[in-house]
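Notes for the one structure printed next.
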């Protein structure tokens with residue numbers, strides 16, 4: 001019986017025909033395969049001529065290597081049963097009994113805490129209970145027990161729902177905070193000016209009430225008005241100021257506070273050494289001046305970093321320029337006085 005070869009080309013044959021450079025050096029170039037008459041077999045297919053499957057690996061001893069080192073390991077019954085048990089890929093993710101019990105009890109506890117606190121505040125916890133009160137208490141306990149059993153039975157469902165709700169809420173709040181912070185960052189300069197003006201108005205109203213006697217405050221509080229204003233301005237404007245400049249803001253506020261403290265110490269120390277003290281009007285003037293000066297310096301330092309550091313140099317330059325102008329004026333007057341009388345007569349005739 002003749003062997004029939006059907007015109008079928010495998011993917012391996014197609015790959016070998018495409019790769020012209022892959023030639024076996026021992027057997028030479030690949031012969032052409034004529035699938036119609038079957039006279040030429042596929043390349044390197046001498047094993048297909050063998051009818052006995054045992055003789056298929058005679059020409060190629062490496063085809064069926066029975067070396068023990070390459071044989072697969074012998075899997076015992078324990079390993080096979082272990083593989084069968086974990087073949088589905090499912091693991092036991094159920095929570096322990098006590099944890100489920102505790103988490104299911106937390107909502108009941110949170111629900112009862114306000115009621116217990118309210119009854120304790122009213123001094124009506126288990127006091128003067130009549131029939132109706134005990135019936136209500138029993139119904140409440142039964143309702144709590146049913147809710148607890150429901151939470152324990154449907155633990156997986158409601159915990160997943162709560163976790164998803166918390167996740168969605170957190171993402172939404174984060175987006176809202178991001179949008180608000182970006183909006184405030186874009187208008188931070190205008191917001192700082194508005195906040196400063198509003199706080200200035202509030203302090204002016206406070207001073208008016210103190211002056212009229214409707215509000216009695218200690219002098220120490222009036223002295224510290226400048227510090228309070230700076231701190232409140234920092235707290236409110238910290239929303240408008242980017243977080244990465246918060247350290248710089250604290251540094252500028254510390255400089256302003258030190259400057260204000262120095263002025264207060266110098267003024268009060270001078271008055272104390274002279275045996276005098278500020279009257280009520282003097283305290284108001286001092287507090288108002290320190291308040292306005294502190295806020296103006298703080299805003300200038302925030303808008304123009306290094307203003308306080310450059311202030312002594314600017315003051316020295318200003319004083320030097322002023323003195324230089326006076327010196328030039330005096331020198332010019334002296335030069336005019338040194339002109340000879342003959343030259344003055346010639347100039348007058350001309």
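Cβ coordinates are placed from backbone N, Cα and C, and glycine is handled just like the others.
Residues 253-273 are the range that Swiss-Prot records as transmembrane segment, among 253-273, 316-336. Among residues of the same chain six or more beyond the transmembrane segment (97-117), those with a C-beta under 8 A of the stretch's C-beta atoms are 125, 144, 147-148, 151-152, 155, 159. Within its own chain, the transmembrane segment (134-154) is flanked in space by residues 100-101, 104-105, 107-108, 111-112, which lie at least six positions past its ends and keep a Cβ under 8 Å from the stretch.
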